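Below is one structure, written out as structure tokens; the observations come after it.
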Amino acid sequence: MASNFKKANMASSSQRKRMSPKPELTEEQKQEIREAFDLFDADGTGTIDVKELKVAMRALGFEPKKEEIKKMISEIDKEGTGKMNFGDFLTVMTQKMSEKDTKEEILKAFKLFDDDETGKISFKNLKRVAKELGENLTDEELQEMIDEADRDGDGEVSEQEFLRIMKKTSLY
């Protein structure tokens with residue numbers, strides 16, 4: 001099934017992913033991250049308290065969940081110092097910003113499928129896109145793709161289901 005999604009995916013995005021394995025930030029993004037870090041490094045020691053990670057991320061427009069923060073802290077603060085330097089913070093934020101870009105790209109792709117704007121990808125939507133891309137997929141193969149992504153069994157693929165299958169198949 002995943003191979004069917006790979007076949008129908010636009011090659012440019014998967015090729016782009018292979019060419020740039022490490023996410024790159026613009027100078028402006030790096031500056032924003034530096035400013036958020038400096039805001040919480042009030043004493044100028046070059047470190048911030050890991051407890052402030054959530055607030056610093058919020059300052060950059062992210063809404064991290066408690067579990068997500070705990071995981072990040074355990075990955076960064078291996079010695080258990082309770083402190084994080086700018087390099088660690090930059091690494092975390094580079095990852096978060098690239099994930100945000102990825103999600104936005106996936107949602108743009110979703111909208112290309114969902115041309116009737118129902119908020120779902122139907123069999124008809126998928127068949128149209130496959131035809132536009134010149135993919136010769138049988139109705140059975142197309143239905144398999146829907147079935148693989150469709151978690152709630154309504155016969156269509158929602159935005160969340162589409163995000164999940166695209167990330168699961170590592171197409172983005």
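Note that the numbers count up from 1, one per residue, in the order the chain is shown.
Including glycine, each Cβ sits where the backbone N, Cα and C put it.
Taken from Swiss-Prot, the feature Ca(2+) 2 binding site covers ASP150, ASP152, ASP154, GLU156, GLU161. The annotation SUMO2 cross-link is assigned in Swiss-Prot to LYS22 on the grounds of a large-scale study or a structure entry. The feature domain 'EF-hand 1' is assigned by Swiss-Prot to 28-63, with sequence analysis given as support. Per Swiss-Prot, domain 'EF-hand 2' is recorded for 64-99. Annotated domain 'EF-hand 3' per Swiss-Prot: 101-136, in sequence order. Swiss-Prot lists 137-172 with the feature domain 'EF-hand 4', giving sequence analysis as the kind of evidence. Summarising the annotation, Swiss-Prot assigns phosphoserine to SER20. Annotation source Swiss-Prot lists phosphothreonine at THR26, citing a large-scale study or a structure entry. Taken from Swiss-Prot, the feature region 'Disordered' covers 1-30. Taken from Swiss-Prot, the feature region 'Required for self-assembly' applies to 2-25.
In sequence order, LYS120 make up the list of same-chain residues 6 or more apart from ASP154 (Ca(2+) 2 binding site) whose Cβ falls under 8 Å from its Cβ. Surrounding the centroid of the Cβ atoms of ASP150, ASP152, ASP154, GLU156, GLU161, where the record places Ca(2+) 2, the chain contributes additional residues within 8 Å, namely LYS120, ILE146, ALA149, ARG151, GLY153, GLY155, VAL157, SER158. Considering other CB atoms within 10 Å as the measure, the emptiest surroundings among the binding-site residues ASP150, ASP152, GLU156, GLU161 are those of ASP152. For THR26 (phosphothreonine), no same-chain residue 6+ apart in sequence has a C-beta under 8 angstroms from its C-beta. Helix, strand and coil counts under DSSP for the domain 'EF-hand 2' (64-99) come to 25 helix, 3 strand, 8 coil. In the three-state DSSP assignment, the secondary structure recorded for ASP154 (Ca(2+) 2 binding site) is coil.
In terms of DSSP secondary structure, the domain 'EF-hand 1' (28-63) contains 23 helix, 3 strand, 10 coil.
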